[in-house]
Amino acid sequence: MAFKIASSPHVSTTLHTNTVMKRVALCLIPGIAVQSYYFGYGTLVQLLLAITVAYLAEAAVMKLRNRNITATLTDNSALVTASLLAVAIPPLAPWWLIVIGTLFAIVIVKQLYGGLGNNVFNPAMAAYVLLLISFPVQMTSWVAPQTLTVNYADMLHTFNSIFQLNAGYAADFFHLAIDGTTMATPLDTLKTDLSMGLTTTESMTKTIFSGSVGEGWFWVNMAYLVGGLVMLKLKVIRWHISGAIVLTLFVCASIGFLISPDTFVSPIMHLFSGGTMLAAFFIATDPVTAATSPRGRLIFGAMIGLLIYLIRTFGGYPDAVAFAVLLANMCAPFIDYYVRPRSYGHRVGN
């Protein structure tokens, strides 16, 4: 009986790049929907702007490099990068902010290093840090959840604010005019109050903490968690990085909270506020910029979880997701070098 002999690789998969990226984008939909419900149409407008600029920028770069434009645009990587950046910035941020960030992510961070698969840093997070450092006022001007706002940001007001069509419609028109709290996220509010000598208990009596974590933010994180679990089910990502981030952050926050609950934020607050779940399942799991081996992924994820806690607790930025991811990206090659699997035929020693 004759057997067919074929060269390697002998294991094939139907999960091509465009399929993986498409599934990631689809799994973002629950989080985007809940975020839009609580924070208005601005998220959708930012998303549309980011995707448009990302595709135009990628097409322009491919044209300059004499590469296949269609093949690059259809891998859907620009779609994911644009989506992650769009949901990370304030919904009513001016239009030029998302344009600058998207151009930086696609042209500088991604294509300047050679395109998909060659970038060292996560493009969306690198762009986020650039915007945060360069335009701190615009990047920290979050609107309050619509369930608490005095003025509802309908589509007309949203367009006026983002595109600055009318000076009377600025982001501060939609602030939360209760208890002196303005456009601050729960993490921002806690960070500011703790620096002023208030306890966490005193700070969480404010209206923005009408829920156990913060109005709206708990459900936004839950929605991204659901999307992340779907990706695990579809085997788009593996559990190591996400699990290590969540577990490490929970353990570190629990230790601090047990030591001094009046000065350290609770573990539930850390897990379900800010961009924790978005980072754990959609950002840190980027296969290009993360560690590759199972042990390496665990170390990589634990490092991100630890950095998120340390920067949130002792650093100058309330939500440390972007900084933690970029620092871990820098260490990914180092991690891979020291935890790489032993090759077959490797001699242990005498």
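Cβ from N, Cα, C; glycine included.
Secondary structure at Thr185 (FMN phosphoryl threonine), as computed by DSSP, is coil. What Swiss-Prot lists as FMN phosphoryl threonine is Thr185.
Here the transmembrane segment (37-57) has Cβ contacts under 8 Å with residues 73, 78-79, 81-83, 85-87, 89-93, 95, 98-99, 101-103, 105-107, 142-143, 145-147, 152-155, 158-159, 161-162, 174, 215-216, 219-220 of the same chain, all six or more residues outside its ends. According to Swiss-Prot, the feature transmembrane segment maps to 37-57 (among others).
Sequence annotations record features per position, and here Swiss-Prot assigns transmembrane segment to 78-109 (among others) based on sequence analysis.
Feature annotation from Swiss-Prot assigns transmembrane segment to 124-144 (among others).
Summarising the annotation, Swiss-Prot assigns transmembrane segment to 158-178 (among others) and lists sequence analysis as the type of evidence.
For 212-232 (among others), the entry in Swiss-Prot reads transmembrane segment, with the evidence type sequence analysis. Using a Cβ-Cβ cut-off under 8 Å and counting only residues 6 or more beyond its ends in the same chain, the transmembrane segment (212-232) has close neighbours at 23-24, 27-31, 33-35, 38-39, 144-145, 147-148, 185-187, 238-239, 242, 268-269, 271-274, 276-278, 280-282, 285.
Look at Swiss-Prot and you will find 239-259 (among others) tagged as transmembrane segment.
Per Swiss-Prot, the feature transmembrane segment maps to 264-284 (among others); the stated evidence is sequence analysis. Using a Cβ-Cβ cut-off under 8 Å and counting only residues 6 or more beyond its ends in the same chain, the transmembrane segment (264-284) has close neighbours at 24, 27-28, 31, 84, 87-88, 122, 124-125, 185-187, 190, 200, 212-214, 217-218, 221-222, 224-225, 227-229, 231-232, 237, 241-242, 245-246, 249-250, 253-254, 256-257, 290, 300-301, 304, 308-309, 312-313, 318-319, 321, 324-325, 328.
Here Swiss-Prot flags 298-318 (among others) as transmembrane segment. Within the chain, the transmembrane segment (298-318) has long-range Cβ neighbours (under 8 A, six or more residues past its boundaries) at 132, 185, 187-188, 190-191, 240-249, 252-253, 256, 264-265, 270, 274, 276, 279-280, 284, 290-291, 324-325, 327-328, 331-332, 335, 339.
Residues or ranges marked as transmembrane segment by Swiss-Prot on the basis of sequence analysis: 319-339 (among others).
Tertiary neighbourhood of the transmembrane segment (319-339): same-chain residues 88, 120-122, 125-126, 128-129, 132, 185, 187, 274-276, 278-279, 283-284, 289-293, 295-296, 299-300, 303-305, 307-308, 310-312, selected by CB-CB distance under 8 Å and a gap of 6+ residues from either end. Remote same-chain residues near the transmembrane segment (78-109) are listed as 21-22, 24-25, 28, 31-32, 35, 39-43, 45-47, 49-51, 53-55, 57-58, 61, 119, 121-128, 130-131, 135, 138-143, 153, 158, 161-164, 171, 174, 183, 275, 278, 282-283, 322 (criterion: CB distance under 8 Å, separation of at least six residues from the stretch ends).
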